[in-house]
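As recorded in Swiss-Prot:
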- 507-800: domain 'Protein kinase' (DOMAIN)
- Asn147: N-linked glycosylation site (CARBOHYD)
- Asn206: N-linked glycosylation site (CARBOHYD)
- Asn368: N-linked glycosylation site (CARBOHYD)
- Asn390: N-linked glycosylation site (CARBOHYD)
- 1-25: signal peptide (SIGNAL)
- 470-490: transmembrane segment (TRANSMEM)
Amino acid sequence: MPGPCASAAAFSCILVLLLLGCQRSNPLAAGATVSSMRRLTDTINIGFLAEYSQMRVTLGGLPLAIEDVNKNPNLLPGKKLAFKPVDIGHKMSAYRVKPLRAMTQMREAGVTAFIGPDESCTTEALLASAWNTPMLSFKCSDPIVSNKSTFHTFARTLAPASKVSKSVISLLNAFHWNKFSIVVSSKPIWGSDVARAIQELAEARNFTISHFKYISDYIPTTKTLSQIDKIIEETYATTRIYVFIGEHIAMVDFVRGLQNRRLLESGDYIVVSVDDEIYDSNRRVNIMERNYLDPYIRKEKSKSLDKISFRSVIKISMTYPQNPHIRVPIYGLHLYDSVMIYVRAITEVLRLGGDIYDGNLVMSHIFNRSYHSIQGFDVYIDSNGDAEGNYTVITLQNDVGSGASIGSLAKMSMQPVGFFAYDKNSVIPEFRYIKNDRPIQWLNGRPPLAEPLCGFHGELCPRKKLDWRYLVSGPLCALVVVVAIALLIKHYRYEQTLAGLLWKVDMKDVTVINLGEYNNPTNKNIFQICRQSILVVGEPNKRSFTNIALFRGNIVAMKKIHKKSVDITRSIRKELKLMREVRHENIINFIGASTDHGSVIIFTTYCARGSLEDVLANEDLHLDHMFISSLVSDILKGMIYLHDSEIISHGNLRSSNCLIDSRWVCQISDFGLHELKAGQEEPNKSELELKRALCMAPELLRDAYRPGRGSQKGDVYSFGILLYEMIGRKGPWGDTAYSKEEIIQFVKCPEMLQHGVFRPALTHTHLDIPDYIRKCLCQCWDEDPEVRPDIRLVRMHLKELQAGLKPNIFDNMLSIMEKYAYNLEGLVQERTNLLYEEKKKTDMLLYQMLPRPVAELLKRGDPVEAECFDCVTILFSDIVGFTELCTTSTPFEVVEMLNDWYTCCDSIISNYDVYKVETIGDAYMVVSGLPLQNGSRHAGEIASLALHLLETVGNLKIRHKPTETVQLRIGVHSGPCAAGVVGQKMPRYCLFGDTVNTASRMESTGDSMRIHISEATYQLLQVIGSYVCIERGLTSIKGKGDMRTYWLTKRQQPELTPDLISTVDTLDTYCSGPRESMEVSVHQYCSPASNNYRLGSCNCDTKCLYSRRSDDNVTNSHGTSEFPKVSEPAQVNCNQLCVCRLNSSQMFNNRGPRSAPSITFRL
């Protein structure tokens, strides 16, 4: 059964035949089209086929090449070059029809050649060959198109992967390495093609391939590393030259395997590495370091490669473009070259009088020729139309200008030493040194041999009976024994250090502290030390902080590892030893750990001000530029130290892991001890995982088996999130409508969003920051971890942020503490003002619920004793027909009606010296004469209030029954009673006594819209005067028998104008104005208590204002004057604006909290 490639080729041939058949079915049309194309002399059109979505940056090479062609008078003289682009879309299968249709349409439009397509090009190249139309590709790597018996009009500027085989054979031939082994990593798809090409050329030149080994699906795991070790074990005895084909990371592990077997120290072995990496001479990358190229697998420094091992590595890599003015993707340069070599070919054809539509003729001017590439070097196109490619030989060399001697490892890096020169008369190129005075620095001063002089097994040299080596074997063995003993002693001391348990903390020396137990004498001093952190981040129980304890006289922080059982293995001991050795001012100090009772508790130094997350969440704490700069500088210095130490990386950098000590120095915590923390069951683990994931790099989120220590590039990403949080102070992702789960999913899978990667908003509307910070954040958040800067480079980018910091750390600390003190003073003053305003509101609400004297007693905590009053007046009111009204109304309508009525009553009683006791349903109870006694005025106050209520209720409409009004029934009685506060929760000021019951009976036996008063109230009103009452007669009162009662009808006020009603209740009354214009009328009465009171009336032609002051002076527009007390009946006429005031030393102090102003004006 034919394979899929054969099926695809067959289908391509069918498509081409169908298209050709369609054109041949209409020869006249085809001939007309060709004729029209050949008549085009002014503009030469070429067709461009590419996938726009994947080649946006690369596509710029095409218009640039067209522009350069049209500007060059030596190219296409008298003509102009243009192009017709077509987006062929993504290659979903091998049977694309869209490119063929586009090619047909462009051919009919008169194009002379096709540039492209990228990726697969077999079908398109076959169709172009059938039309005899040139096609030049800049990215296609299909090997089948090199067959010129079928694809005779196709050429490409991108060298196939197999072309490197010629350079490999040339290098081997240059150093006479005719025996070698090939090791191929099957992960790169081009690896097998390169290996087969090397094998074919080696066999053609009689080279011997000792071994041919494959590394299947290379992934840097223990299983794959063991596979590499097995290959080395099987091959090292019969080979000296290895040709390694695969990715750089696989080659590093292969070299590590050779180093572990100590094969590279003598310089007898060499590794020729072949990969598709482009060498950049401007980038000094220490490529032998595994940790740089493998960010998701970190090795301890003790296991990293020595540079001496890489002196036995020769790397063959593609030559980096030499043109210093061009910095574009490599495929863009190939695209430019494709246009230029075609234009040069047709220029020669036109100069010789040929036909540019003859594809074979045009291609004859391209095959077997060299051209100067825009990359800065010459490229040769062979007879198959394939570019040979340029390759560079790279080895470990001394850096230029380093001053180090040759062979010194002080300053060495991988540098280019040679290249390959092509000759059309030779199958393979010639290896040449770039500089003759800069050869390869061999480890033992010469190139290694492909085979030892005596053969791999000594078969080429006859054995001698006596060998001098036997003579030195004894001393050499003794030396080995001595060295072994020394190593054992060193190892023993190291093991003793690990077993010494210097990190262990005995819980007997630890005193756990509970800040809530303030009365405990042991904790009082500690509470004073820790209270500063409470001032910063609020209450201790609201802080995301750990427990604290006292250890050897020092306050330490405790963190428990939530594991059921812990086995302190050797690797965990090494972790604990390493943590004790880490010391830096911006790194939290690890004190030790306790493993008593099967649990692990980690002890670190205590940071009094909590975490950076707590500080940022405290809106009362102002963080200015100096605060932010100082904290950022501390974090960067701490992370640089971590990255340079054996810890290597943090892995969980976020604001909650940056702690602030009492000196406002930021210290990084929660790093290292990954094996000890592995598998712990943390409380609220899901929520903690979400918080960690918000600051985690996308490549780590996608890794299901991500290491606990993360990666250095991942730390750079996390620092960017942390810097964003510090500047915005709105969380790691600022103001966003997405949930934590959605944010993590978008970061993990950017393909879910149309606009690509998902990062925190950096627009000016979301965050007002300088451009250099915005640029630094974008670099830290790059999707490709290799593009992100390292932490030292981030510090350089943010150097401008630290411009305001002083070089002396002590001066910075004093400045920060001074600003913090000023901020704290302002905060205390603001909180004091807010407390005062809240106290005023609370007092106002309390005075509305209880009488002021009673409220003051309750506020002071004094008991409120019941008090008896000799004579008070009580009023009861009731809505007539309320029960019937409730049956015809909804509950909400009843509540609405009562609220309207009670609101009206409350506004009325505020004008009288009365106290509202309570409301029960529709009943309204008011008293006058308590808790502050007012003599005999209580009857007059209640009577005036009752008349006022009747006058008002007549105009009060029922909202849900607009045609009806409220009908009121009022009862009043005067007599003795007792009053006091009942209950402790929701205290009530209640009245007790027969007077209360009698007043209630007065109301219940009264009539609608009438005021029913008792005889006692009537007598008091007669003493006061001006109240008109009508005797009702004897009325049967329940529980009292027959009582003589009266109807209160109105109040007479002779000599008062309707514009002003005034009641003066004090002995001292003044009115400003001319003395001669005043007439005062005062009626003197005597109360039962023999207290003198005066009632007067003020008749003003102008409006009067009322004010309470502590003085007796009256101020008017003419100045200040004093008037004597009014002692004679008189009528007061105020022709000017007057202000009437009360003497606070008189009866004002006896008023209740709801008493009316002593002078009331109706304006």
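Glycine is treated like the rest: Cβ placed from N, Cα and C.
Same-chain neighbours of the transmembrane segment (470-490): none, counting only residues six or more beyond its ends whose CB sits under 8 Å from a CB of the stretch. Listed glycosylation sites: Asn147, Asn206, Asn368, Asn390; maximum Cβ neighbour count within 10 Å falls on Asn390. Residues belonging to the domain 'Protein kinase' (507-800) score a mean pLDDT of 84 in the model.
Straight-line distance linking the Cα atoms of Asn206 (N-linked glycosylation site) and Asn368 (N-linked glycosylation site), rounded to a whole number, equals 27 Å. Secondary structure at Asn390 (N-linked glycosylation site), taken from DSSP and collapsed to helix, strand or coil, is coil.
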